[in-house]
Amino acid sequence: MFPQEGGVGQRALGGGRGSHSRRSSFRSVANAIRVGLFVDRFYRQLSSNALEIPAELQQLLKEINNWHFDIFKLQDKSNGHSLKFVAKELFSRYGLVSRFRVNLDKLDGWLSAVEYGYTKLKNPYHNDIHAADVTQTLHYFIGSSGIANNLTDLEIFALLFAALIHDLEHTGRTNNFHVNTQTDLALLYNDRSVLENHHVSAAFRLLKEDDKSILANLKPEEFREFRSLVIEMVLFTDMSTHFAQIKHVRSLLNGVSDKSSPSVTMSLMSLLLHAADISHPGKPWRMHKKFADTILDEFFLQGDEEAKLGLPFSPLCDRNTVLIPESQISFIEFIVEPSLSILSDLIDFFLKSDEGPVSSAHPGGSSTVPPTPNPNFRAAGGKIPPTTKTPAKPFQTSSNSTTTRRTESENNIKMDSSSAATAASSSSSCTKLPLSSRTPSFPLQGGPNHNYGPILRPWLNHLVENKAKWRMIAAGKAAVLIK
């Protein structure tokens, strides 16, 4: 479930749970409480302004739990600092600042450096807006499904960190371009996941600067686990390995019965980031169209350079031959839809109770039809109705995991059911999906053993709608949609 707004102020210090807390050297619970309150207060006071957010932006950030969160509006209202505000808001909500004793002045410095790393080359698409959107989308995935309850604080920190830096210092050119032109980066990383390796390297280089060392207070074993997780997740975003990675996850689902297996957790985290990275076709048309335009602008700029160098055009980079609507439909059908489908299956598997899996949209767990929202959700006006739940044993990524799983009480959600569902466009080549007149902005989910009902998939309707609009554009029937 989603953490509450103002997580740092409303949650107790997030560290020391499970096996790790049992090894605590505190002599009494009272001492632990006193020390926890002191540390929490101390780190909140390190910088009086670091987490202060203007009132107008606070209103926008209240929608951060919503699938339809408008990152472009936040970018405009924050004067180009959407990444910084999304990061601060989510670090606060998940209690990561207090849990890992992050110096807020260093956090501010690190985020400023990350923003600069994204904007210095003025890429049309691979920039700070994309990074902020991916981070918010990943937050939606783990909050709406209840996955956040089953991940450690360190894993959530690594997830958000990886989302923020997954395209840091992107050159605006593809791996294929770097390899074909034998750039310094291609030579450095031996042609293998050139950009992805660079993104991670650039992020950790920043952390070595004293005024940006936000991980300085992690224990050595925590830092090693954190770094390993981030590397694995960001390398997973290399599109050249997409089909092999999806095949691996599918085989994992078919062959692993233990949801607490480290391989399941790592695959889930990697797929969460990858799915968030390519999720824009599942957003409302206005947002999807803007992202599609900018990525194609970036591809065409690469194609222009390839033409000047006498190189063959990389896929989708020849502005004179690319069929834009058809390319977007293919991207949705062959990349995005299968990725979001298997992510839904993996989430269902990860969250299934001992009594059986969470209800699927239909038999077989395929994510092709949006499930019906839980009726109790609407009846309660968007509030969780009183239920009796049996707490699950915490899952561990490994026998020596440094952080325990999050408990439900630490992840209480502020419900918001104000977003209305977007009707899917009907088309002769599309299946019209059933819709309710009002759909919650996120599903009603609980802790590890929740049985509230199927996971809502708000992207399904937008995928159908957006494909229909691209088909209309391709047929010359919807010129007004082109802009």
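Backbone N, Cα and C define each Cβ position, glycine as well.
Within D211, D258, D277, the residue that TrEMBL lists together with H126, N127, D128, I129, H130, D167, Q328 for binding AMP is D277. When the CA atoms are compared, the binding-site residues lying within 10 A of H166 (Zn(2+) 1 binding site) are D277, out of the candidates I129, D277, Q328.
Same-chain residues that are not part of H130, H166, D167, D277 yet have a Cβ within 8 Å of the Cβ center of the Zn(2+) 1 site turn out to be H126, A131, V134, A163, H170, T237.
If you draw a 10 Å sphere around the CB of D128 (AMP binding site), it holds 26 other CB atoms from the protein chains shown. Note on the recorded positions H126, H166: the fewest other CB atoms within 10 A surround the CB of H126. Proximity of I129 (AMP binding site) to non-local residues of its own chain (separation of 6 or more, Cβ distance below 8 Å) is seen for I71, F72, Q75, S82, L83, given in sequence order.
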